[in-house]
Amino acid sequence: MDRYCVFGNPIGHSKSPLIHRLFAEQTGEALVYDAQLAPLDDFPGFARRFFEQGKGANVTVPFKEEAYRLVDELSERATRAGAVNTLIRLADGRLRGDNTDGAGLLRDLTANAGVELRGKRVLLLGAGGAVRGVLEPFLGECPAELLIANRTARKAVDLAERFADLGAVHGCGFAEVEGPFDLIVNGTSASLAGDVPPLAQSVIEPGRTVCYDMMYAKEPTAFNRWAAERGAARTLDGLGMLVEQAAEAFFLWRGVRPASAPVLETLRRQLATV
């Protein structure tokens, strides 16, 4: 039976095995998928050994940049992102790297939540790998403006310059952000520590601005609580992004696109009972 996995460290918390088991049951695809705790000091060797038999893998923290350097060929979106979250073993044994994070977030926003980006003013918080992965698909939706804000302004400016050929994208520090915005996406890990990036209240227009945190938890994240208190029209978390990026990876491996809605519903129910 074809074998797949997710590489990470730590990895015990991963929902990917459940997601892909549900996808396989739904589509009738015969495969096994498990979580692999990869060593911090030898990810390349560990991954190569898996791919002596394995057909594909997802990659989570902290190995996305190492996976980018490991592969024999890259998709255009992975090249742009500078990170790989999906590995595919080709027929000749070479490894191809792709990045489905941006496609997953975009599909969660547009298909699941009905959020339009075209002609809108969009603020992305953070300039790390999570944000790098979504810039290309976001700019493909032709927003009026896409602003990247980061604690270190230079990093945001440099990142914006890398993607300037794709649309109206700029970078700045948190203190320089002037609102309001139609959509704000938190790509920082601040919510994990219960923090929120230091933003002016003007970034949110009550009743209009949609706020999305790439993090998720049983209770609303710190960022989404902050947004709701300031009148955001809607607050969304990253659980849908997790499911949608997995669906995109499943499609790359198997050529079958699973229905994500029932899987997302299952995960929501499970999260509520934790």
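Every residue, even glycine, has its Cβ placed from backbone N, Cα and C.
According to Swiss-Prot, the residue from Gly54, Gly97, Gly104, Gly238 that belongs to the NADP(+) site alongside Glu76, Gly126, Ala127, Gly128, Gly129, Ala130, Asn150, Arg151, Thr152, Ala153, Arg154, Lys155, Met214 is Gly238.
Binding site for shikimate per Swiss-Prot: Ser14, Lys15, Ser16, Thr60, Asn85, Tyr216, plus Asp101 from the candidate set Asp2, Asp34, Asp72, Asp101.
For Asp101 (shikimate binding site), the number of other Cβ atoms no farther than 10 Å from its own Cβ, over all displayed protein chains, is 31. Ser16 (shikimate binding site) has Met214 as its nearest neighbour among the binding-site residues Glu76, Ala127, Gly129, Asn150, Met214, going by CA to CA distance. Cα-Cα distance from Lys64 (active site, proton acceptor) to Asn85 (shikimate binding site): 6 Å (rounded to the nearest whole number).
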